[in-house]
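A.B. asks: I grabbed these lines from TrEMBL:
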type	residues	note
COMPBIAS	20-33	compositional bias 'Low complexity'
COMPBIAS	34-57	compositional bias 'Basic residues'
DOMAIN	65-170	domain 'Lumazine-binding'
DOMAIN	171-271	domain 'Lumazine-binding'
REGION	20-57	region 'Disordered'
REPEAT	65-170	repeat 'Lumazine-binding'
REPEAT	171-271	repeat 'Lumazine-binding'
Amino acid sequence: MVFVASSSCVRSSSIAATTRCSSSSSSSSSLTFRRSHHHQERHLHHHQRRLKRTRTKKPKECRALFTGIVQGTATVTSFTPIQGGLFARLTLTFPNDGENQRPLEKLTIGASIAVNGTCLTVVEFDEEKSTASFDMISETLRATNLGELRVDDVVNYERSTKFGEEIGGHVVSGHVHTTAEIYAEKEETENNREVKFRLRDREIVKYILPKGFVAVDGCSLTVGEVDEKEGTFNVWLIPETIRATAFRVKSVGNSVNIEIESSTRAIVDTIERYMERKEKEKTG
């Protein structure tokens with residue numbers, strides 16, 4: 001950038017020339033300093049505005065939060081093992097009457113749906129046919145009952161919710177901790193069915209408390225009685241739960257997914273660590 005000297009510096013003599021050069025150099029330096037300082041201020045203000053916009057940006061929506069209130073059941077259309085069963089693709093058909101019930105409305109690739117309480121990612125869907133497909137890795141097939149699914153089986157589903165919406169059951173992550181077997185059923189009255197479960201991993205029973213919450217195949221249920229020695233517990237199902245979920249087709253011998261309530265687990269683990277530390281202090 002060219003800076004122009006002031007008229008007072010224009011003289012014909014050499015002394016004036018020297019004075020002009022000195023004055024021009026001083027003026028140029030002053031202007032350069034002011035411009036540099038102004039540029040730094042502009043850069044700082046721009047950075048501060050950008051940082052402010054970044055800090056006030058709205059947080060992203062939760063990608064996988066469920067309520068334990070099953071929205072309905074879907075039917076297994078296909079179950080395709082891949083690479084010798086180390087991987088599988090599951091395709092479900094959802095109920096769709098075109099008006100009141102449109103379970104895949106506003107669905108996107110990458111969305112999360114709990115299938116039998118297991119959080120799965122949508123990899124393909126057809127809203128008109130009301131179908132959606134999910135890929136499952138070997139750990140999912142091993143740790144849940146999804147590896148046992150066959151064509152025409154019925155499963156529970158729940159679309160992921162968002163913060164601010166009603167939590168009708170309890171907060172469910174879709175991360176299954178173990179499975180359990182239905183080992184007994186008893187229909188005491190027409191509107192009261194008792195179901196008893198035996199945990200595959202019995203040490204999990206310490207996190208299941210009477211009158212506490214547990215997610216069974218994604219359904220938020222209140223625990224009845226617990227037998228810690230046998231690793232069993234029971235629940236009572238109301239008619240609406242039986243009608244709206246896959247419990248209507250479940251029977252003795254069937255496997256269900258179990259997710260324990262997160263805050264209960266945190267409390268139990270914290271108390272155990274505290275008691276262990278106190279015991280060490282006594283003996284140490």
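Backbone N, Cα and C define each Cβ position, glycine as well.
All annotation found in TrEMBL is predicted automatically rather than curated by experts.
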A.B. asks: Which numbers of helix, strand and coil residues does DSSP report for the domain 'Lumazine-binding' (171-271)?
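C.D. replies: Helix, strand, coil within the domain 'Lumazine-binding' (171-271): 26 helix, 43 strand, 32 coil.
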A.B. asks: If you average the pLDDT over the domain 'Lumazine-binding' (171-271), what number do you get?
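C.D. replies: Taking every residue in the domain 'Lumazine-binding' (171-271) and averaging pLDDT yields 94.
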A.B. asks: Please count the residues of the repeat 'Lumazine-binding' (65-170) that DSSP assigns to helix (H, G, I), strand (E, B) and coil.
C.D. replies: 10 helix, 45 strand, 51 coil
